[in-house]
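First the structure, in the form of structure tokens, and then the observations on it.
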Amino acid sequence: MSDSETEIKMSSKPESKSQTEPVQKRLCSNLFLSIKVFVLCHSLLQLAQLMISGYLKSSISTIEKRFGLSSQTSGLLAAFNEVGNTTLIVFVSYFGSRVHRPRLIGLGAVLVALAGLLMSLPHFIAEPYRFDHVDLDLPQDSASSLCVLPTPPPALPTPPPALPTSPPALPTSPPALPTPPPVLTKPPSAVVVVSVGLKNRSNSSCALYSEARQVAVVGIMFLAQTLLGIGAVPIQPFGISYIDDFAHPSNSPLYLGILFAVTLIGPGLAYGLGSLMLRFYVDIDRMPEGGTSLTPKDPRWVGAWWLGFLVSAGAVTLTALPYFFFPREMPKEKQELSFRKHISPSLDDNGESSLNKQGTRNSPEKEKDGEAQIAPDLTVIQFIKIFPQVLLRNLRHPIFLLVVLAQVNMSSMVAGMATFLPKFLERQFSVTASFANLLIGSISIPAAIVGIMTGGILVHRLHLGPTRCAAVGITGGLICVVFGLPLFFMGCPTHPIANVYGPSSLLEKEDFLNCTQKCSCSKSDFNPVCDTWNRTEYLTPCQAGCTGMKGDPGAGQVSITYTNCRCLISGVKDSSVTSGSCESSCSHLLLPFILFISLGGAMGSITHTPSFMLILRGVKNEDKSLAVGMQFMLQRVLAWMPSPVIHGIAIDTACVFWADTCGTRSVCRYYDHTRLRHRFIGLQFFYKLGTLVCFTLVFIILRQQEKEAARSRSQHGSVSQEEKLILSSEKRSGESIV
């Protein structure tokens, strides 16, 4: 709504002083007629919305273990919210101010909160987590993983003495021999009766568990992610346009800066929330009697991933309530902030400089009507017809296309890192999921925020033109590539895993298999133990041939020691092993790794604002708002949707042992750490290199255009004073939009 319309509406009120004063008092006391209150509410809403969308990435490895998902499936799940978002984001450019924006933002936030509740639903409909095995007929305790050697049958009775010369009459039927006792394959507390009927019943219940419930659980999470993307569509675009419409023109950039600054905290809070919630056991609401023997360091530990979605959904619901009380249109802010008047004294009362006004009047771009433009009075059909023309026109512009490709590469790197960096740290450096999230939320995310702010300050303070913005992009991309090189070497190989991975000789493997066959170990069992003598890991104590145990399994913090282990590859008989996986030998490289990857992310984030400036200055004035929308759409389609899936596929190719859930492949238990590091970091390095190449091409094109413009000016003389004013006006209008 323009200033003139606001003045007309205000002048239509009764002129009686006694009647106007109460109305003015009510307007002043009504918080929902203040654009400052709207900025505050919208900052909190976007913070909560990004927290709920980022929380899934902080708990992705936990969800994989809980429901037996591969990294490819979990990557698709993390990217699926972009599907609903991308299909509807284009129409935001059309609807604009034609709808009740605050109310639509509130409805979208309610849908986001509903998606958060739906994400936690699989925990309540799924069976309790079984950390030892998936076979429902086996008991869940540490003793069930022990090796029980078969008991030899009792010896037959001694033969009778020699018969006398005249033997007595033989009985008609010989006496029945005593029946030998049954052979136990497990201790009495964990006897498993194997019969054909029970085996078939176990297979049927296992198939029901793995097929029907698995499909239902995964389907619910994909549906929730779709609703999350749809609900997030109106929040940011409508909020920004609402602030820009009703804030004072000089205050609007400040309000948007505050909005983005507060919003950037959301991902950091998401990882912090994940760090907190994953410290609790997943079934904290239905804990078995005596608690659980697992600790967060145990590879079978699954944290309370669902609690974070409930907390985030509650936060989104609370921040959505005020939007149902904001009006469709509010009185435009009349006063400029006091400190802004000292900063920009050249602006008039409406916040516009006389230079901008003159440039607007004389701009030849406004007089062109031959090309397809997005007008505010178009119908939906006309908008759909014209949109591809404007899209193709901008894509044919080399600067726009190359800058968008640079942003696609950078966004692909960020999407893959945000989704799978916690899991990479868990596997590579043997840290808990909680600690990995804490490192990312406290170091990597703040470093990226500092990088974005630094890029904005450089553009604003140095008044960078397009060529210098491209130079900043080259510098940031080059330093990001340099910081990425040492990451290839900061790690260590996978420790030996019996019969899975390691440099064992053929004779050792044969002796090991012959020994473990006597124990009749279950294939679905997973209770890793470590032989500290040679840092060899075994899938279960049964596989190590252990027949005894020490320690209190219910204490929760006491490490269990398995004794009398006969099948160790080291050859030491009757030795002992400790519960849990073997610790990584390169844990001391964790903090340097985080430091390098955070510094690289910060330098890559510096290119954020300069790339926006290149887009705004590289397209026509009438296409600027739509060009930004197309940029976000292309980033979603080409980066945020495929990148997590591509990273997940690369991670899955490094797996050396998959869990067997009822005869089907589920979650990966062990990775080749060297292959995992090279493929994950290599994929990140590829995207960084693509960003650097795109900014370099942009710089070359801009320098070539500058040389051609200089030759043209030397041939046709200097530019007139009026043209200088127009060019300066376009430059300043582009800066004000950013």
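Note that Cβ sites are derived from N, Cα and C of the backbone, with glycine treated the same way.
Heads up, TrEMBL stuff is auto-annotated, nobody curated it.
Annotation source TrEMBL lists compositional bias 'Basic and acidic residues' at 1-18, 721-738. Annotated compositional bias 'Polar residues' per TrEMBL: 352-362, in sequence order. What TrEMBL lists as domain 'Kazal-like' is 509-569. Per TrEMBL, region 'Disordered' is recorded for 1-21, 157-182, 344-371, 711-738. Positions annotated as transmembrane segment by TrEMBL: 31-56, 76-97, 104-125, 215-233, 254-282, 302-326, 399-421, 433-458, 470-489, 589-616, 637-659, 679-702.
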Criterion met for the transmembrane segment (399-421) and the transmembrane segment (679-702) (at least three Cβ pairs under 8 Å): yes
Local confidence of the prediction over the domain 'Kazal-like' (509-569), expressed as mean pLDDT: 81
Positions on the same chain near the transmembrane segment (31-56), where near means CB under 8 A and six or more residues out: 63, 77-78, 81, 102, 105, 109, 112-113, 115-116, 119, 225, 228, 232, 235-236, 239, 242-243, 246-247, 255, 258-259, 262-263, 265-267, 269-271, 273-274, 308-309, 312-313, 315-316, 318-320, 322-323, 325-327, 330-331, 333, 418
Residues from the same chain, set at least six apart from the ends of the transmembrane segment (470-489), whose C-beta lies under 8 A from its own: 406, 451, 455, 458-459, 464, 593, 596-597, 599-601, 603-607, 610-611, 614, 677-678, 681-682, 684-685, 688-689, 691-692, 695-696, 698-699, 702
